[in-house]
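For reference, the structure I am asking about is given below.
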């Protein structure tokens, strides 16, 4: 084996073997842990972290889609308590299932809506909610365990450490917010005979925080995995970049408004398009007082707003596409722009179909998934257009 040598420091010029703990250059010291010198993760480490966050964003997308199906099948209130560890074990015997069913029978959804439900039917909705909760735990593990590993390996830059901490904190907050949402549908309302449902405000908060988690994870992963384009900072590019940001924000708002549509079952109010019933603007658009309540609590207004936001989003994406064609852009950026346009019109078609067919679960679930797809590609296009740091 070769021995490491260093100059002895005198005029003889003889190179002597290194003693244990002795380093020949400052760069070698920087590579040693605990020496107080900051070292940056390698490109290979950055790509591993980027792939990890891409997988994490995929698990969040899965949770959002599964949560939408849980809502569409009216399964979200089947589990009436929440335990982080104990809740991971499903009932296995007939006695345990009977006990679980009896707990469900004490709450408003069974008394008002499902009073003739059989045990077999209860098992279906229970397993739907159970799968959503277990997937949520999987999302938490997918974030937290690798984050600890990468942190200890020194693969996270100073900026990434803060972002990863925020993402892990948001995952934990998301779980608590989910149970806070479910509790709103389990509360007794003695003077009300309405169909029990969770608060649309809490549902929107739950979905909104999931979308923030998804967008932050996806943006960070794309920034680590995709090499930046060195685009000339022209006035046209600056305008396109600002327009892309505004369009992505509009897509996010449209997806979030879908939570109010789902929470109020507003998709079942006017099942016609392009008109709402016999008119363009329905008469019961502003029946609640004060006026602002209609935006969040009137099913007619909520559906009307979702329609307007959806149409505006498609118009903005179309304009963004034609703006992008006027600028010489890299091939990958052009692919992102045309993909966004195609997905936007597909999403509109799914939304109209969901409405006209009275919200069938497969079509509605595909429509909800489509909103994530449009948001993802809008973020991809934004990432393609981001400014190269000096």
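Here the Cβ of each residue, glycine as well, is placed from N, Cα and C on the backbone.
Curation plays no part in TrEMBL annotations; they are all automatic predictions.
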Among 10-30, 31-51, 52-72, find the range that TrEMBL records as transmembrane segment.
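Matching range for transmembrane segment: 52-72.
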Of 202-226, 277-301, which range does TrEMBL call transmembrane segment?
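Based on what TrEMBL states, transmembrane segment spans 202-226.
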Short question: which residues 6 or more past the ends of the transmembrane segment (52-72) have a Cβ under 8 Å from it?
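Sequence-distant neighbours of the transmembrane segment (52-72): 128-129, 131-132, 135-136, 138-139, 142-143, 146, 150, 167, 203, 206-207, 210-211, 213-214, 217-218, 220-222, 224-225, 262, 359, 361, 364-365, 368-369, 372, 376.
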Give the one range among 306-323, 335-359, 365-382 whose Cβ atoms make the most pairs under 8 Å with those of the transmembrane segment (202-226).
365-382
Report, as numbers and ranges, every residue of the chain located at least six residues beyond the transmembrane segment (306-323) whose Cβ falls under 8 Å of a Cβ in that stretch; write 'none' if there are none.
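For the transmembrane segment (306-323), the sequence-distant neighbours (Cβ-Cβ under 8 Å, at least 6 residues beyond its ends) are 239-240, 243-244, 246-247, 250-251, 253-254, 257-258, 260-261, 266, 276, 337-338, 340-341, 344-345, 347-348, 351, 374, 378, 381.
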